[in-house]
Amino acid sequence: MTGKDGGGKGRLFTVGLVTAWYSSNIGVLLLNKYLLSNYGFKYPIFLTMCHMAACSLFSYAAIAWLRIVPMQLPRSRLQLAKIAALSAVFCASVVSGNVSLRYLPVSFNQAIGATTPFFTAVFAYIMTVKRESFLTYLALVPVVTGVIIASGGEPSFHLFGFIMCVGATAARALKTVLQGILMSSDGEKIHSMNLLMYMAPIAVILLVPATIFMEDNVIAVTMELAKKDFNIIWYLLINSSLAYFVNLTNFLVTKHTSALTLQVLGNAKGAVAVVISILIFRNPVSVTGMLGYTLTVIGVVLYSEAKKAHQAMKPEDIEEAV
């Protein structure tokens, strides 16, 4: 009886974690869209700076006080420089993604974002000469083809928004590959939550001058908005908090579920975000656009399966295959 109760509680805990992960991911995406597009808060760099400031504070509190993971200190100036480089790429990705939400519906934004594996494979090949199997590369064909089809059938297509979203997706993939290269040695491996704690304040330092020069008078404008509608302050606070909880829940779900479960949930998350965004924002969608997005998702699933099969092969099997 106790075993069953324990198993039931464990499943309930996992379901709660996954719900929190989905809610924070989709919540921050939809709130970003609402603020930058529907509400008319046209300051994506400042919004990203708020996200990074919240991540800085919450990360330190979670590690130094709550001790969710052991604190790791940078071992050298070189390692700190590497973290700063990752932070710069991370900034570019988040800012570009937020800019794209001003011009594109969430559904199309997610379709483009699903091409991350394509850019990851390209950057990994260029920077590490790491080759995947032929089937893995073949699976990327529907990923890219789906986005091309979705672009042609997107009623709200905007070229600048499209370029920004592709740039954000490429930067996200570049960060993943760079992180693998820069933090690969045993002496430089750092936990993802510690990495966020160091990257976030560096991002704030990078974003402050960008905000001052590119989004002039944003603080005064925000204060004026708050006088008319104080909800803008709550929106920014909730949005910034969610930005941190995306990272926290991702870490917890990774810790408490299997790699396969995480893969399936990750593939489904984008589709759920698309459906919810269409229901909330009522943006027009076409059959061609949805078919393109579906093809991209299928390609991502096939890519994940092909990569997993390739990694599972023993060295002798790979030699035989070659």
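Cβ coordinates come from backbone N, Cα and C, glycine included.
What TrEMBL lists as domain 'Sugar phosphate transporter' is 17-304.
Nonlocal intrachain contacts for the transmembrane segment (12-31), taken as residues 6+ away from its ends with a CB within less than 8 angstroms of a stretch CB, comprise 101, 106, 109, 235, 238-239, 242-243, 245-246, 248-250, 252-253, 256-257, 265, 269, 272-273, 276-277, 280. If you look up TrEMBL, you'll see 12-31 (among others) marked as transmembrane segment.
The transmembrane segment annotation in TrEMBL covers 43-68 (among others).
Feature annotation from TrEMBL assigns transmembrane segment to 80-101 (among others).
Beyond its flanks by at least six residues, the transmembrane segment (107-127) meets 29, 33, 97, 100-101, 136-137, 140, 143-144, 146-147, 150-151, 154, 156-157, 162, 165-166, 168-170, 172-174, 176-178, 180-181, 270, 273-274, 277-278, 283, 285, 289, 292-293, 296-297, 300, 303-304 of its own chain at Cβ-Cβ distances under 8 Å. Summarising the annotation, TrEMBL assigns transmembrane segment to 107-127 (among others).
With a threshold of 8 Å between CB atoms, the same-chain residues lying at least 6 positions outside the transmembrane segment (134-151) that come near it are 108, 111-112, 114-115, 117-118, 121, 157, 162, 288-300, 302-303, 305-307, 309-310. Summarising the annotation, TrEMBL assigns transmembrane segment to 134-151 (among others).
Among the features that TrEMBL reports, transmembrane segment is placed at 157-174 (among others).
Annotation source TrEMBL lists transmembrane segment at 195-212 (among others).
The transmembrane segment feature in TrEMBL is assigned to 232-253 (among others). With a cut-off of 8 Å between Cβ atoms, the residues of this chain six or more beyond the transmembrane segment (232-253) that come close are 17-18, 20-21, 24-25, 27-28, 31-32, 34-35, 39, 41, 47, 50-55, 58-59, 62, 68, 192-193, 196, 222, 225-226, 262, 265.
Positions annotated as transmembrane segment by TrEMBL: 260-281 (among others).
Sequence annotations record features per position, and here TrEMBL assigns transmembrane segment to 287-304 (among others).
Within the same chain, the transmembrane segment (80-101) stays apart from the transmembrane segment (260-281): fewer than three Cβ pairs sit under 8 Å, each pair at least 6 residues apart. Residues of the same chain lying 6 or more positions beyond the ends of the transmembrane segment (287-304) and with a Cβ under 8 Å from any Cβ of it are 107-108, 110-111, 114-115, 117, 136, 139-155, 263, 267, 270-271, 274.
Below 8 angstroms of C-beta separation, residues 32, 35-36, 91, 94-95, 98-99, 101-102, 193-194, 196-197, 200-201, 203-204, 207-208, 210-211, 214-215, 218, 221-222, 236, 239-241, 243-245, 247-248, 251 of the same chain, each at least six residues beyond the ends of the transmembrane segment (43-68), sit close to that stretch.
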